[in-house]
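Asks: Have a look at this one before I ask anything.
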């Protein structure tokens with residue numbers, strides 16, 4: 001089994017030293033879902049929600065969250081992201097919104113946490129904007145879809 005990288009030999013949490021790593025292009029994709037009633041989703045789709053464009057707000061929130069991941073997750077490195085993309089898709093057949101994020105950089109550490117944070121915060125923003133009309137929305141699952149670059153190799157979730 002692989003060792004936990006954020007725990008040192010004394011069992012203490014620490015930030016991983018990446019100074020000796022090579023810079024490579026690294027990319028990660030993540031997804032999240034927000035399940036809701038058909039009427040709530042219809043308000044988002046037709047733009048009749050009183051708070052405005054839910055998707056535009058969630059997209060910007062996800063992008064901002066990716067850029068601030070290092071401030072939210074204690075042992076994450078501050079990263080110079082070169083791409084953050086947040087796609088939102090209404091799925092009326094499932095009464096939900098699907099969020100897919102992509103983060104990329106050329107650097108010494110991966111961007112999985114940035115992609116996951118972007119997806120999570122976009123989902124939370126949808127909840128926040130729609131909670132006045134529906135409080136029992138469900139967020140999840142949130143998961144990593146792919147990662148590439150770095151010495152640990154590539155990852156792709158089995159769908």
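Heads up, the Cβ atoms here are built off N, Cα and C, so glycines get one too.
Note that the coordinates shown come from a computational prediction; the quantities given were computed from them, not determined experimentally.
Annotations per Swiss-Prot:
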{"type": "ACT_SITE", "residues": "128", "note": "active site"}
{"type": "BINDING", "residues": "75, 76, 77, 113, 114", "note": "substrate binding site"}
Asks: Residue 114 (substrate binding site) has how many other Cβ neighbours within 10 Å of its own Cβ?
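Replies: A count of 28.
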Asks: In the same chain, which residues outside the set 75, 76, 77, 113, 114 have their CB within 8 A of the centroid of the CB atoms that define the substrate site?
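Replies: Checked against the 8 Å cutoff, the neighbours are 69, 70, 73, 79, 109.
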Asks: Would you kindly give the Cα-Cα distance separating residue 128 (active site) and residue 77 (substrate binding site), rounded to the nearest Å?
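Replies: The Cα atom of residue 77 (substrate binding site) is 28 Å away from the Cα atom of residue 128 (active site).
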Asks: If I take the alpha carbons of residue 113 (substrate binding site) and the residue listed as 'active site', what is the distance between them in whole Å?
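Replies: Rounded to the nearest whole number, the Cα-Cα distance is 22 Å.
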Asks: Can you tell which of 75, 76, 113 has the least company, meaning the fewest other C-beta atoms within 10 angstroms of its C-beta, among these binding-site residues?
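Replies: Across 75, 76, 113, these binding-site residues, the one with fewest Cβ atoms within 10 Å is 75.
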Asks: Would you count the other C-beta atoms found within 10 angstroms of the C-beta of residue 128 (active site) for me?
Replies: 15
Asks: With the substrate site defined by the record as 75, 76, 77, 113, 114, how many Å span the farthest pair of C-alpha atoms?
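Replies: Largest pairwise Cα separation, rounded: 12 Å.
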